[in-house]
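Asker: Pulled from Swiss-Prot, these are the listed features:
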- ASP52: active site, nucleophile (ACT_SITE)
- TYR149: substrate binding site (BINDING)
Amino acid sequence: MLRYKAIVEYDGTNFVGWQRQQNGLSIQQLLEDKISTFTKQTVNLIAAGRTDAGVHALGQVVHFDLIAPNNSKDLACINKETDNKEVSKQNNTTTTIDSLKKMLPCRYNAYKLMSAVNYLLKPHRIILTSCEITTLQFHARFSAKARHYKYRIINRTVPSVIEQNRTWWIKPPLNVIDMIDASQHLIGKHDFTSFRSSACQAKSPLKTLTKIEVDTTNYPEIQIYFSAPSFLHHMVRNIVGTLVYIGLCKISPAAIKTILFAKNRAMAGPTAPSSGLYFVKVDY
């Protein structure tokens, strides 16, 4: 068995989300179908995060397994080692992990697999930006130490034609200072019940938010960055919706603590549109 780790970039606009569904085309379904077409094997993709319909990704991480060719006698070395270390030396020829990977048949070579799948994905707005053989111990979801998201807002009197379906347009001017002040009360380990969706299946509402940063460097675009080991369903979008209400003076900045401690979704702001959300990267 060979395990592959890939990084995926996609525009989520025309998809029903990451996960396979019966009511439309998902990113998982399309990727699995194209990988299977090239490798002639059925594959099951495991993702670091299951993004909703309309959510984009710059660095979604996935893993999948392929049944290796029977003559891969050095397969155990590939599966156990991630570094390009020396594994054997015969007749003055040194064999390394990287050289073993390059000797794999075409459909098992990570770079050739990536190139072929990217070709098959056209014209869909999905692309593999990297692909490598990793250890069998790697798990895209459970090995993750931190996940990073960003949310993009356009704050001006007219919407952006170019950024349609990629941002949330807010016409009235936002009080960004109040948004920044309020956001800092959410950093740390808290019960985020007030910011989780009713459909959230997480066993516990306790999450540790390590970063919220409101960036106005490119105003009228506002980018809000989030980092945490994991998130609740709709947690980022519900926080953004609440911060926007604070920026519009519909909620006072001081009320953010009351909302957090109330553990009541009805007290927080609306769920921000999926179009402005990006899954940026995963730390392992």
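Every residue gets a Cβ built from N, Cα and C, even glycine.
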Asker: How far is it from TYR149 (substrate binding site) to ASP52 (active site, nucleophile), counting Cα to Cα, in Å?
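Answerer: Each residue's Cα considered, TYR149 (substrate binding site) and ASP52 (active site, nucleophile) end up 13 Å apart.
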Asker: Test of understanding: give the count of other CB atoms lying within 10 angstroms of the CB of the residue listed as 'substrate binding site'.
Answerer: 24
Asker: Tell me, how many other CB atoms lie within 10 A of the CB of ASP52 (active site, nucleophile), whichever protein chain they belong to?
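Answerer: Total other Cβ atoms inside 10 Å, all chains included: 17.
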